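Have a look at the structure below before the remarks.
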Amino acid sequence: MDSSNAQSAPPEPPIGSGPHSGTQEDSEAPAAAPPHDVRLCGICEKNPSKYKCPRCYLPYCSVACNKIHRENHPPDPTPAPKPSPPPAVSATATTAPEESNEDSSTHQSDHRFGTLERSKELQYLFKKYPRLPKQLLDIHAATLPPPSEKSRIPASLLKDLPVSSNGWDRDKAMASGKEALRKARGAKGVDGEALREYSELVLHLTKDKANNR
């Protein structure tokens, strides 16, 4: 009798198969909230940001938003230009009177010929012809006035004598210098060749300088 009742008893339901099983509870659990430290894109304000603008550090999420931001980004402030230092003024410039028109033209001519000092071709020419500087000094000496008779008079007596230039002026100096240059260029041998090359190079350099002004 006891054995028949034990065989007819219904089996117990498995764990978790009831109406309040754990599977049903898991499906009804609310979704996890997003973390609070995620910042949204400052452009679209929808997606989480992934990058920052290197100029203003505004967060953005994609290349498209970055493009929109760059097109509307205010320009960076232009730094104020630093004041340039005043040009150096020599002591003679501060004390000398105003120059005449003749002196001004002389300075402009000196500025034009300043390119000769930086010419590599001219430096090479001086190395090629070591006597060339001495030849140029001789030509320059021809433009100077001849020695005056006053050089033979003691300095203590010169103050009572009138000032005299022996009739030497700018035109005579130029004529004397040109004649000395003509003779030097016409000389035979290396000296004449050096002066001819020097003259051609100077004309070429000064002509280019005048054309570039």
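Cβ atoms are placed via backbone N, Cα and C, with glycine included.
Taken from TrEMBL, the feature compositional bias 'Pro residues' applies to 75-88. According to TrEMBL, the feature compositional bias 'Basic and acidic residues' maps to 104-116. Feature annotation from TrEMBL assigns domain 'HIT-type' to 41-74. What TrEMBL records for 1-35, 72-116 is region 'Disordered'.
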The domain 'HIT-type' (41-74), counted residue by residue under DSSP: helix, strand, coil: 10 helix, 5 strand, 19 coil
Overall pLDDT for the domain 'HIT-type' (41-74), taken as the rounded mean: 86
